């Protein structure tokens, strides 16, 4: 998909020169003094003759604008405050037809909690949270932020893209030191998926640029033919027209009506079924969100001309912009910085980013001076490996006390037997087979620190959910194609768990509660190849093995698309490679060493090497690897055993933002690449909520790391200490 109307960005590979306004410390100081001297950029200030504030041409349809008083409702907590975010979910007055206000409130509640641990014992309210101010001080307030929210679609006029962009402009926006933080949604979430990262910006009186990057939580229900609108409310497909946030299109061989008749009760999700390969455009979407936010800032705070028109007072030349977010959003921020040819972005601060290196990157990753078994694989490559082996590997004797180790039950034992029968692992017993599967994962690049996560990731169907959604996305498949015999539906009662009509209340609330990548609220993966008819994937039977083995046939089919170089899939994958060129911008990446979803050997470690190789001496990227950190802070103090093992990575995402901001504002040097050695809180494997965390559990990033903690790069070889 070609991006249109991108006046300040293009699909650059970043090898050219950047706009001369890119900040160094002196330029920042001069700009700050100049702004202060003219009294800021308020309605009576002088921002220069920059012309009228013109809405970006890529905005399609109306712009929704709402102001929040910071009491009954607000930008950060939707009026819930710090305590409300940690409490039970707010109720809908009519669960079958929640209002837009209710959906927004619950989306903020659910998405905030999905990203951070909201238990006080885990650090909420003391190390982070709405009541912890920009300087880290714990206040007695609720952390509500008054301001104005702007929301709109970007599209080419067809209504097929309809990427949501949103700007939150706090009333306290610092017009003398203007700043914007991007917070692109993580995972496949909707536009509020980056709210926990956006919190940092709001606390620093920055505007925040959000986008759902062409994904989203609410589906097209094919049975009722209803679709989500931008505010999460639902409408018939015909009634929504081009204002549908997502409406599925049929494939080449079947109409939607025909598909719905032969395959009833199915749901289409935007990331999987938009046929747009959204990931190819995540960088461009993030740049659009920043441009939209610049327009919104000017709409609220730009100088007013004599004719009453707002002026484009705030521009890339005088607004500090940091691209931030985590996971897929972090990858989008990096892509945006690589593709930014218009000088929008000044720095990057991301956590656990999904970054894919081209096959020709030539980067070598070492740990403790020894080359790792594998590095630099693409997300689809390593995830389809995980989808095959993690379920069996979770039964290794060394992992008997891992979180959810006993949850998978017979499916895990059968997966081991099926893999052994297909000569994919060795061993004549489940124990030996599990050890062989675990070895296969280590050979594929997982660090041993990730081992304890395999059982819970398998039980939660993480590998299968990502493999299915991304296979469809990369191949630009339609919902009617049922790639590898998978579909999405609400499950009936077990043990059959056949497709049924989605419960009305669950469907109505999915904009708020869903994650956009089934299994999610009341929706699961269906194995349409199950011998007795479509059935929940995890409990289904594989035709080739006649075992309930978590659908090994489906996992092999998804892997086979890569192994056979399926043309559509390979084209889509080829559109997601990063260049490594951040244009010399000050940048910090943080990631947990234990990350079992996006392994460090395939993401941040090799990206550091690629960046240093491409940029050479101009590189200003620091990589911070955190021991005892993993991908899902939201699981800590929720899944028994996580609190014992893992620290909150959100603390280090905030510290990365602090470091980049201090560098851009004050010239404070970035911390060098290093390993930060944390201390888990401890407790028992059966503890859901662990002992209270202390600051000593999460030490700061060192300005000068010890020699044994320094990460080094020589040429394109990265060496991470043990």
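Backbone N, Cα and C define each Cβ position, glycine as well.
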Quiz prompt | Feature region 'Disordered' in Swiss-Prot, mapped to one of the ranges 1-20, 21-40 | solution = 1-20
Quiz prompt | Range annotated as region 'Disordered' in Swiss-Prot, from 644-670, 671-697 | solution = 671-697
Practice problem: Give the residue counts of the region 'Disordered' (671-697) per reduced DSSP state, in the order helix, strand, coil. | Solution: 3 helix, 3 strand, 21 coil
Self-check item: Residues of the parent chain within Cβ reach of the region 'Disordered' (671-697), under 8 Å, 6 or more residues beyond its termini
Solution: 119-123, 126-127, 401, 403, 588, 593, 608, 621-629, 636-641, 643-648, 652, 659, 703-705, 709-713, 720-721
Quiz item: Long-range same-chain neighbours of residue 327 (active site, charge relay system), Cβ under 8 Å, sequence gap at least 6?
Solution: 186, 187, 351, 352, 353, 354, 598, 631
